[in-house]
Amino acid sequence: MFLLTYKSCNLCDLINHILELAGDRNTANDNNKKVQIRWVIFDAFTVYSAVGGVRCSQFGHHKEIKSEMAAVGTWAFSQSAVERMQCMILAGQNSTDVIESAIGEVENDVDTGRNIVGRGGFPNSMGIVECDAAIMEGVPGRFGAVAALRGVGQPCQVARRIMDKSPHSFLVGEGAAAFAQEQGFTIEPNDRMLSDHTVAAYQEFTEKGIHVSGHDTIGLIALDLRGNITVGVSTSGAPFKSPGRVGDTPIPGCGLYADHMIGAAAASGDGDKIMCYCPSFHIVELMRQGFSPKEACCSVLADIRRKVGEDNCFEISLIALNMKGEVGATSSVEFPYTFWKQGMDSVEMHVLPC
Amino acid sequence: MIQTWIFFIYLLPITQAFLPLVMNTWHFENATVAAWDRLVRARGSAVDAAEAGCAQCELEQCDGSVGYGGSPDELGETTLDAMIMNGDTMDLGAVGNLHRVKNAVGVARAVMEHTDHTLLVGEAASAFAQDMGFKAEDLTTNRSLNIFFQWLKTNCQPNFRKNVLPDPSKSCGPYKPEPKQKWRSQKPRTQTDLHSHDTIGMIVIGQNGQVVAATSTNGATHKVPGRVGDSPVAGAGAYADSTAGGAAATGQGDIMMRFLPSYLAVELMRSGIDPTTACKTAISRIKKYHGDFFGAIICASKTGEYGAACSKHPGFGEFPFMVFNSRTNRPVMEKVDCF
């Protein structure tokens, strides 16, 4: 255990210093000029990122740095979240705080709601926005989830409170809202959860039966510098779903799974179908047996395709991260995902073909 | 001629003697019989049989831990969780936190057969059930009310709250979060009532090899309203895949659902591991982190071999389960020692 007392006005030097301490001198030298974050004030100060103006605080005392650092997210709209995660991870923040914060920004932003997450997400068939979210730490199988939660713009924060403050794992519906209220969340009226876009879409649905396609979920995985891994997921669910309908997102093993010795995975897509196959758990099990994240994802998708028939495969996209910071992804549809790992100067987006 | 018959007898898979199979958690014998009757006498499907078996426990309020009139939550209400999974099609239907409808597994089946969804929860699930023709009625009885009132008298002990004010080890709610710097590490919860976490978990394998798994429960007594346990979660409470086998679990659902024991057991059986070892591995995975959690699992391979395992817990040293197959020809209670 040691106290980092390094003070610098240059994040490049800071990262250099951290990576030197981690023993990775070559990478440190390469990183020196490439990092895009503008300036840092460390230890008694606060780290600022020029990327999106995100502010990261660090905790001062650091335990021995022992792992690769990495972050990955589903879909193109996760880019800003993963950039935020990069900054927070580099600043030494705990993986669970990183996930909660990054997902919260996406959930609460009514514009990303059109991607079927949180505030601004599509309502159920009665016009009410109901959200599902979950968070799982790899250490040691800690988990919290909410489903069919109304009136909360950042449902993943409520899921975290369940993980931290309740021996239960999963709260739904009115009970979840009551718990959230007890925990200090405001339950907002439904029209605060809708956007102009979703109101118009709902009107088209009720008047003309026009559906909206897409089953997006934001799934984020963070691996911090202490080797903690956390995965978080959030969605407003299938547009115009039946009231009370819960998809795969908040279901352990389906929407998400994490194991502190192995890694984590998350899924997105047709939740009603996904939840019959426990894909996230399956991916982690294969990684446990030595598969790389990519091999594990592909194997699970191939397995599902075999079971349902090649022509009947539903929409499913999978991401995975192991404790070495290796990323894997696969999908039955075109699937952009964003990721960053230690040594990369910026977040990259890859797009998988179908 | 005799040689021909002998030749054909040798060709018969030895395992045919094990099917059909009905297997369920705990000593809920009437449920076993109800499922078998539906499967064999009434020539129903494995789905019909699993539904009938779990529904029998809902009707009989097995051990007070299934169906109406048991396990009141913090507000005194009984709510139900259930699921049913068809291992042929990998279709699944489940309900969580179901209010005011007694036949939870029936509603789960309706979700599977009458919607494209898989899980419905809360008041909306109850509205769906009523649309489907299920009767809305009070799930509270004098017994559950009595449990609730006695609990209030003890200042709401035990409960599932932590890191809140007022001190949940001394007081009822309503509760507010405690400032983070005052959080204590959670003391292990002493299991005062083993029945507070029972579930009927059932596996049915038809003569044709169709594997179905189902569960039904009223959840943990004095649970936080809205709490859903492992029972309606595919892979946790139960799992079925006719190409491998089925599994169903019971116990402390809040913990077990994080480890997907039923899915793990089925996948292990798929790779050729025998059901008993598959069950033990699933339990061991959880014990690594929760050494004396309360829980058990039953497993059956697609050929009808079966096994079970359980985690040792104060007051819980062996786990009874029921088996009825074409070899026993009657419901038989078996037990395993917990480890």
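Keep in mind that glycine also has a Cβ here, set from the backbone N, Cα and C atoms.
Look at TrEMBL and you will find B:1-17 tagged as signal peptide.
Per TrEMBL, the feature region 'Disordered' maps to B:165-191.
What TrEMBL lists as active site, nucleophile is B:THR199. Over all protein chains present, the Cβ of B:THR199 (active site, nucleophile) has 32 other Cβ atoms lying within 10 Å.
For B:ARG227, B:VAL228, B:GLY229, B:ASP230, B:THR250, B:GLY251, B:GLN252, B:GLY253, the entry in TrEMBL reads substrate binding site. Mapped onto three states, the DSSP output places B:GLY229 (substrate binding site) in coil.
Listed recorded positions (B:THR199, B:VAL228, B:THR250, B:GLN252) with a CB under 8 Å from any chain A CB: B:VAL228. The distance from the Cα of B:GLY253 (substrate binding site) to the Cα of B:THR199 (active site, nucleophile) comes to 9 Å. For B:GLN252 (substrate binding site), other Cβ atoms within 10 Å of its Cβ number 22. Residue density at B:GLY251 (substrate binding site): 29 other Cβ atoms are found within 10 A of its Cβ, drawing on all protein chains shown.
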